[in-house]
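J.: If you scroll down you'll find the structure; I have some questions about it.
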Amino acid sequence: MGEFQDVDKYISILKECKPLSESEVRDLCEKAREILSKESNVQPVRCPVTVCGDIHGQFHDLMELFKIGGNCPDTNYLFMGDYVDRGFYSVETVTLLVALKVRYKDRVTILRGNHESRQITQVYGFYDECLRKYGNPNVWKLFTDLFDYLPLTALIENQVFCLHGGLSPSIDTLDHIENLDRVQEVPHEGAMCDLLWSDPDDRLGFGYSPRGAGYTFGKDISEQFNHNNGLTLVARAHQLVMEGYNWCHDQNVVTIFSAPNYCYRCGNLAAIMEIDEKMKHTFLQFDPAPRRGEPHVTRRTPDYFL
């Protein structure tokens, strides 16, 4: 029990939406790096599991998610990235998820999203928030260095393939993903970039993405990929969907988005997907948590709603 005493203390502080000290974050990130560096690019996950999409610093809504989905470690969780940026509590959100990973490493899987990057966080809020809360960029650096170790994808019972963004013209099989060197900043192009940036589309084949990174991919691509790899489903996040989840490509792909009323103004529901021991899935939708006024922050972050 002794080894987790500190982490239990961190978790109880964080659950009150209070940030840890810089030295506590350093300690936590060292422990997390040790765990994440042993995980695979396609991290195996057992069912039952609850699959979650983007959180984007909406801490109170993450608390609501745990209320609805169950607490760690009672529920086995898989998060598909984008913990930071845009919301007001990126620091507390990402620190809590990393602390839960360290405390319950076999019951929490955290993947990398396109926002878990040095470049993106300098534009969309996490960097500025770290500066505001700590007075220097050290905590931002600790986390962005840790992000390089996050697994890119997960595979539930060899059947459901989970990742932040989508498919890539450079990747036909899961073995290709296993062979990538993931410990680096998210590149501007190539397989690793595509996994974190691509989106499903109504047009067939691969197309250029309006995001300027990754590709769009059609139903033919999803069907072929699932067939080649013996998969029943690709589960991904990365796109705001008004009901919190959205099927496409003849149920070969599902998008899950777990930040309700995204950016405190989009009016969307959030959802999580529960997969039971028989691999049957159920979606739980939820509204934003009631919040007492937001901190006064001048927003310098550009809006991109893609």
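Every residue, even glycine, has its Cβ placed from backbone N, Cα and C.
Swiss-Prot feature annotations, pasted as is:
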type	residues	note
ACT_SITE	His115	active site, proton donor
BINDING	Asp54, His56, Asp82	Mn(2+) 1 binding site
BINDING	Asp82, Asn114, His164, His238	Mn(2+) 2 binding site
MOD_RES	Leu306	leucine methyl ester
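For the listed features, I'd like the structural context: burial, neighbours, distances.
T.: Neighbour count (other Cβ atoms within 10 Å of the Cβ, all protein chains): 29 for His115 (active site, proton donor).
Here Asp54 (Mn(2+) 1 binding site) comes close to Met80, Gly81, Asp82, Gly113, Ala237, His238, Phe257, Ser258, Ala259, Tyr262: these same-chain residues lie at least six apart in sequence, with C-beta atoms under 8 angstroms from its C-beta.
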J.: List the same-chain residues at least 6 positions away in sequence whose Cβ sits under 8 Å from the Cβ of His164 (Mn(2+) 2 binding site), in sequence order, or say none.
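T.: Same-chain residues close to His164 (Mn(2+) 2 binding site) (Cβ under 8 Å, separated by 6 or more) are Met80, Gly81, Asp82, Leu111, Arg112, Gly113, Asn114, Leu195, Leu196, Arg236, Ala237, His238.
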J.: Using Cβ atoms only, which residues of the same chain lie under 8 Å from His56 (Mn(2+) 1 binding site) while being at least 6 residues apart in sequence?
T.: Asp82, Tyr83, Val84, Asp85, Arg86, Gly87, Ser90, His115, Ala259, Tyr262, Cys263
J.: In the structure shown, which of the binding-site residues Asp82, Asn114, His238 has the fewest Cβ neighbours within 10 Å?
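T.: Result for the binding-site residues Asp82, Asn114, His238: minimum number of other Cβ atoms within 10 Å at Asn114.
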